[in-house]
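Student: Take this structure, written in structure tokens, and hold onto it; I'll ask about it next.
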Amino acid sequence: MSPRQPLVLALLVLGCCSAAPRRRQPTLVVFPGELRTRLTDRQLAEEYLFRYGYTRVASMHGDSQSLRLPLLLLQKHLSLPETGELDNATLEAMRAPRCGVPDVGKFQTFEGDLKWHHHNITYWIQNYSEDLPRDVIDDAFARAFALWSAVTPLTFTRVYSRDADIVIQFGVAEHGDGYPFDGKDGLLAHAFPPGPGIQGDAHFDDEELWSLGKGVVVPTYFGNADGAPCHFPFTFEGRSYTACTTDGRSDGMAWCSTTADYDTDRRFGFCPSERLYTQDGNADGKPCEFPFIFQGRTYSACTTDGRSDGHRWCATTASYDKDKLYGFCPTRADSTVVGGNSAGELCVFPFVFLGKEYSSCTSEGRRDGRLWCATTSNFDSDKKWGFCPDKGYSLFLVAAHEFGHALGLDHSSVPERLMYPMYRYLEGSPLHEDDVRGIQHLYGPNPNPQPPATTTPEPQPTAPPTACPTWPATVRPSEHPTTSPTGAPSAGPTGPPTASPSAAPTASLDPAEDVCNVNVFDAIAEIGNKLHVFKDGRYWRFSEGSGRRPQGPFLIADTWPALPAKLDSAFEEPLTKKLFFFSGRQVWVYTGASVLGPRRLDKLGLGPEVPHVTGALPRAGGKVLLFGAQRFWRFDVKTQTVDSRSGAPVDQMFPGVPLNTHDVFQYREKAYFCQDRFFWRVSTRNEVNLVDQVGYVSFDILHCPED
């Protein structure tokens, strides 16, 4: 054996034993509540081609050749390589965020004109997203309209009623028009072509993160930046921050820089916090007092206890039980999670995940690299989480595109055009010369052309201060809600559960402000365990044990801005807390501050023989009895349709009540049938409905004085 042979063997052994160690595979987990698509590429393609008008059937059986023609059509429309194959470029386009209006064909809800036949177009912002301050949303929509008015003779006027030509709405999932949104990303918004009713309206998916295209917009308070919004990311002591922070402070107050580099510019402000101010409520915007006592229990943070609508609130004195003063806690878009199973909650830092502590958003555990956080201090035990905010979608750009549809424009196949169906962020005016030619073909040029509105430039720092961020010792927040204080009910700060968290009593609309002077009410409903009585655009609230005097009047338009002044009936569905309002042949559905509708009664399965719904009685299992035309139907809240076979005369189930009742409602688990000023109360014993009381609505229910 050669003397070198042992050395060779030794080297081989050494080389074998010193091979590079394997890299540790990342731990991937299935996050609870996350919707995971199981669609194959073909299923995705079939669904996409059907949704956007390229095929007329949702599922196409056969081999890949059956997709060839619709794929060629799609590729031509989207300016993709025309291969007729389901290639990577086509699949990538199908997964891109986009407008929900079909590329081929139109929404078929109503017959609509191709254009408006008047030039002064009105619009109404029916509700708002919580992602942006309201003034920022107002400005984004105004600038989007200004793009089109700059190149046409059209003018756009904001109004505050449903009579507007274009009604703007934020909604989620199925929101009342038959064209549901699909959750975060994907379908961003849609709009209808000009015409009456829902035609011309623009709807935005409120499960998206709406921004100005560069990340969340967080206003600041105090500091030295005059209320300028946070700049994310920003640098502080050499470290980059993508959210408000408490670093550098001993008082725990969250702050941010309003320029890209605090170390250089020294411009800052404090982020929205309940320690700075509260919203609405009855405490005139005063900050929270921690700890505070509610129903004998001590709270050191905002809570949703005592509320059915999920709004976070706090007391503004040490004892809510004693002082009854409260406000609603502001939210911060930079730390409010999107999706997951805790949408709308705040990130909690630090949090524990797989035994390790995290002080910022992380992509650990995820295959797609998306940043997420826990909304409690321990994900391992609580499994509560959501995605951290990303750059979001520019509300201005998406609105400008949707308003193009509302004016009569179709999608374009030119990727550079504003009317191209896919979303892309860009600076400056998004109007392409092809967009201008299209809109001027419909309306002509602007006889007095002016440059379109541009984004207000970010304020530039002046002389940098010499001190680090300090808490203003004496001043209070300079801005707080303008609504008048409202007395909190004795059971806790509930307020109307559907609109902005509180509704303030309004100035009287006529001398008959006293509810006891109303002879016959338009509608009566139990909402949030309180009886609500409606009349001529106003309503009063009444609860047994709250001083036995109704609160109000309140304006319907302030609490539920989408509703008409005259209502026929209303009810709250016990399981989902959805509110249904009926007026004439239309219905509106409120979920929190979001509204679906108006929808026609035909959509529920009620034909023209039912001129209006006169009342409703919720039943178990998501069922409701709807009344109208002296008959009743069983209504399924989930499908929002009536069982057409269930129509039966009222006296068949409720013997002894008048047939020509104008309102039917449920209160304290009993049914009430109203005729003129009187009611017939029905209780159920041994599955038999019996009238057990006849009385006056004013005297026997509202406890008005008999004088």
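Including glycine, each Cβ sits where the backbone N, Cα and C put it.
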Student: Of the ranges 97-104, 281-288, 321-328, 641-648, which one does Swiss-Prot flag as motif 'Cysteine switch'?
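Tutor: Residues 97-104 are the ones Swiss-Prot records as motif 'Cysteine switch'.
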Student: Which one of H117, H411 goes with C99, H401, H405 at the Zn(2+) 2 site, as Swiss-Prot has it?
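Tutor: Given C99, H401, H405 bind Zn(2+) 2 in Swiss-Prot, the matching entry from H117, H411 is H411.
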Student: Given that Swiss-Prot lists D206, E208 as binding Ca(2+) 1, which residue among D131, D135, D280 does it place in the same site?
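Tutor: According to Swiss-Prot, the candidate sharing the Ca(2+) 1 site with D206, E208 is D131.
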Student: Scan C244, C256 and flag the one Swiss-Prot records as disulfide-linked to C230.
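Tutor: Among C244, C256, the record in Swiss-Prot lists C256 as the disulfide partner of C230.
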Student: Looking at Swiss-Prot, G197, Q199, D201 are annotated for Ca(2+) 2. Which of D165, D226, D247 sits in that same site?
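Tutor: The candidate from D165, D226, D247 that Swiss-Prot ties to Ca(2+) 2 along with G197, Q199, D201 is D165.
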Student: Would you mind checking which of C244, C302 shares a disulfide with C271 in Swiss-Prot?
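Tutor: Of the listed candidates, Swiss-Prot names C244 as the partner.
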Student: From the list C302, C314, C329, C704, which cysteine is recorded by Swiss-Prot as disulfide-linked to C516?
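Tutor: Matching partner in the record: C704.
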Student: Inside 10 Å of the Cβ of N120 (N-linked glycosylation site), count up the other Cβ atoms and send me the figure.
Tutor: 11
Student: What is the nearest of the recorded positions N88, N127, D131 to H203 (Zn(2+) 1 binding site), using the Cα of each?
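Tutor: Spatially nearest to H203 (Zn(2+) 1 binding site) by Cα position is N127.
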Student: For H190 (Zn(2+) 1 binding site), what is the secondary structure by DSSP, using just helix, strand and coil?
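Tutor: Its secondary structure by DSSP: strand.
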Student: In the structure shown, with every protein chain counted, which of the binding-site residues D206, E208 has the densest set of Cβ atoms within 10 angstroms of its Cβ?
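Tutor: The residue with the most neighbouring Cβ atoms within 10 Å is E208.
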Student: Suppose the Zn(2+) 1 site is H175, D177, H190, H203. Which further residues of the same chain have a Cβ inside 8 angstroms of that site's Cβ centroid?
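Tutor: So the additional residues around the site are G100, Q169, G171, G176, Y179, P180, F181, D201.
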Student: Summarise the model confidence on the domain 'Fibronectin type-II 2' (283-331) as a single mean pLDDT, whole number.
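Tutor: That region's mean pLDDT is 88.
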Student: Report, in whole Å, the straight Cα-to-Cα distance of D206 (Ca(2+) 1 binding site) from H175 (Zn(2+) 1 binding site).
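Tutor: Just about 10 Å between their Cα atoms.
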